[in-house]
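Please see the structure below; I have some questions.
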Amino acid sequence: MAKSIDVSDLDIYYGDFLAVEGVSMTIRARSVTALIGPSGCGKSTFLRSLNRMHEVIPGARVDGKIVIDGQNMYDADVDPVQVRRSVGMVFQRPNPFPTMSIYENVLAGNRLNSKRMPKSEADSIVEKSLKGANLWEEVKNRLNKPGSSLSGGQQQRLCIARAIAVEPQVLLMDEPCSALDPISTSAIEDLIHDLKSDYTIVIVTHNMQQAARVSEDTGFFNLAGAGKPGRLVEMNPTSKIFSNPDEPSTEAYISGRFG
Amino acid sequence: MSTPTPTTERETLSSRPGGRHDLPLTHPTLPRFAPALVGVMAVAAALLVGLLLGWGLALMTLLAVLVYAVALPLWARIVEGTRAAKDRLVTTLVWSAFVLAMLPLVTLMFEVISKGAKMLTAQFFTYSMRNVIGEGGGIYHAIMGTLLITLFAALISVPVGIMAAVYLVEYGQGKRMARVITFLVDVMTGIPSIVAGLFAYALFVIFFGPGVRMGFGGSIALSVLMIPIVVRSAEEMLKLVPDELREASYALGVPKWRTVVKVVLPTSLAGIVTGVMLAVARVAGETAPLLIIAGDTDSVNFNVFSERMATLPVFIYYSFTQPGVPPEFGEDRAWGAALVLIVIVMSLNLVARAVSKLFSPKTGR
Amino acid sequence: MTVTEAAPKPPAPVRRTGDVVFSGLARAAGITILVALAGVAVFLTIEGFPAVTAPASAMGGKSGIVLYVWPLLFGTLLAALLAMIIATPLAIGVALVISHFAPRKLSRTLGYLIDLLAAVPSVVYGLWGINFLAPRMVGLYEWLEENLGFLPFFTGPASSTGRTILTASLVLAVMALPIITAITREIFAQTPVLHQEAALALGATRWEMIRMTVFPYGRSGMVSATMLGLGRALGETMAVAMVLSATGVISFNLISSTNPSTIAANIALQFGEASGLKVNVLIFSGLVLFVVTFIVNFLGRAIAGRGYKGESR
């Protein structure tokens, strides 16, 4: 069920402000694509445009095409709600719903869409998703506790379980480990590794070692200049980016000369 | 800014070269028990003078406070300097202001309880004033009237208020109309209650003719007072819901309206309930609009859509201002009803705060 | 996955029925508020308008609506202004106690107590004013007449019941105080900690720190809080109607038994027995009260809005 994504000539705006300009890339199915770059270069903005979350912000809009499964998700007759059901997202800070238990949090996507399901089916979705998120063993005895009772790393895996419970085709992750300690980070990285056999994963990260560890392809974003929009500088297999990048600015960033 | 220092030489931590003044790190302060000591002496002085001149308690208290407010800063001025003295004076003044502000509450509670407690019998709660002259009777009709009128006011105000808050927070961001509504809601909070009553009357007169009295009119008038309170509190609560939760829901492919209904509103539920209860408490004690449009009657009336309807506040007003002959029975009933009304209003207040404290979800951190 | 809705032909962005209905309901609720506020003005005008040409018999012998309303307006303003003179300094002191002077643990409880003061129904304040406060003021009024009788405010003769406009203003002050306190204490508590610490680091005492940082930061808030308290005092009905023994004169004498009445109290006292044009006259006076409180509240909110913008960034 994993799908590839083709982005062509994408411009992203906040009101009149052009934040990201002219991005074209192909994101391969069943692989992990990492997006790196200095702060404020538009990589998170780009990520949010991949499931039309960008337009949640008033005045924000997008020009260009993002084609998934032969369909441009920015065509006028596409329902953004449907896009988000097939392109899931995990946020920088874990955000389980505070009014719901762990069990209900996993099912939130299914339940909030008012899909009625028998108890047995719900149970099996919860178990499958929590197992998929490597969290089942830790929480199986306290599924009715509030989601906020978990540690930060567990909460983030709960959010991943919640995202995969609706069986999306693509999973977007916006710096999923930046609020976590090293041990939780390593648990999430292992999880990403396991998930890529089923999902197309796009991850934004500030941590270059992480990008090198988890991804097959890497895109490097940078600002065209102070006050100018961000753009995709280089997109290549991760091994090439980290050993022999095409662009000098990529090498400068990776070797730590700026950013 | 230079610190005026006492003239006495004191040991210093370091004397820097270059001719700078040495700042002593300690300077004389009043002993810790100074305020207590001055307090005791002020009370003693006031007692002495008061007893000699045969003053009442109020005058003696006033004198004690005055003596304290003069003596402590004066002492501080001599020992600690002008700035510290000023600080102590202000401290005394603001605390006196607080105690003074508490006096009405304390005396009022004392009056109402001491005069009203003896009225709280089973008969008082279960009888109306129908055919009662002199002693006896009760406030059953008024309690029912207050409950019904307030209930209908809440039925109007809560949906309108919460939906308006949803509009302001979820849909109206940055829109001109939302800004206008926010501002007018603020202004509406200040509508005098009697004007709300006149509005309801002027509205109903058009449909029902002059001299109209109706419980539902009271509900309309109370709604005018209640809606802005509900909107304001619900708006504050909805704003507190972190955007991350909304985004988490959108990212699961949940439409906006379901996100609001199933994620945003439940998260802020405790706060909204608190706001509604405070609003109910506020309007349940309103007198003026009900005096105008709901009127008063001695009998039980369960129909808010026809005829006069007694309510607790109006009952209190009429029982006290037109107590009948002899007056003490009517006045007693007024105090009893006042105690009941205060208990209702204050327990609504306290329960409301308990709700917000106990049931608000812990948002992660 | 759920069924995709049939895609509409026009290139307008897809909108779900649920979203359209829900946002429509929300907007309708917002519009309801606008309509209600407009309705208050419109209906009061409709029903108050006949008063302009009403005969003297409907206005207690006054030969024109202006002559009828003016003494009431005078009393309303006088009582409210007196109340504010008493309440504002007290309220600011109380707010300071809660925000800066009381120990952290205690300050929450003290805040509750002040909120309870706001929760007492006005009719109960009326009972308290007439039964407790008024008799206890008689002695003070006699003393004022004797010793300060040369001032126009205290010329006397002192009321023997204590039910004067000054007593009514005291009750109004008690009722307005929690409102002023609630707003000012919030603003005081919002004073940036950075500023306060900067002042303390310069060696300021607590009071100097408050004068250097808290008051400048909260200035517009204090002004707007006072305006809102004034709005409350102007419109308060029952306490005045019960406490004040009004004769409808225009007088600055605060302690005598002949006092001006207020618009709100006059309506409450007259409305029950009024009929015909008298009702329209009372509604007209209510319209005047509405306009006055609207302006006061409008100014208060406008000042508050400006202050936040100017000082929060």
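Glycine is treated like the rest: Cβ placed from N, Cα and C.
TrEMBL feature annotations, pasted as is:
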TRANSMEM  C:25-45  transmembrane segment
TRANSMEM  C:65-98  transmembrane segment
DOMAIN    C:73-300  domain 'ABC transmembrane type-1'
TRANSMEM  C:110-134  transmembrane segment
TRANSMEM  C:165-184  transmembrane segment
TRANSMEM  C:237-255  transmembrane segment
TRANSMEM  C:281-304  transmembrane segment
Which range wins on Cβ pairs under 8 Å with the transmembrane segment (C:165-184): C:65-98, C:110-134, C:237-255, C:281-304?
C:65-98
Can you tell me which parts of the same chain pack against the transmembrane segment (C:110-134), counting only residues 6+ beyond its ends and a CB-CB cutoff under 8 A?
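Same-chain residues near the transmembrane segment (C:110-134) but 6 or more away: 94, 97-98, 102, 161-163, 167-168, 170-171, 174-175, 177-179, 181-182, 185, 236-239, 241-243.
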Below 8 angstroms Cβ to Cβ, which residues of this chain, lying six or more residues outside the transmembrane segment (C:65-98), approach it?
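The answer is 51-52, 54, 59, 107, 110-111, 114, 165-166, 168-170, 172-174, 176-178, 180-181, 184-185, 188, 210, 214, 222, 225-226, 229-230, 233-234, 240, 244, 246, 248-250, 252, 254, 259-264, 266, 281, 284-285, 288-289, 292.
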How about long-range neighbours of the transmembrane segment (C:281-304): same chain, 6 or more residues beyond its ends, C-beta under 8 Å?
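40-41, 44-45, 47-49, 51-52, 54, 58-59, 65, 68-69, 72-73, 76, 183, 220-221, 223-228, 230-231, 234-235, 263-264, 266-267, 270-271, 274.
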Let me spell it out: take the transmembrane segment (C:25-45), skip the flanking residues so only those 6+ beyond its ends count, and list any with a Cβ under 8 Å from a Cβ in it.
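Answer is 283, 286-287, 290.
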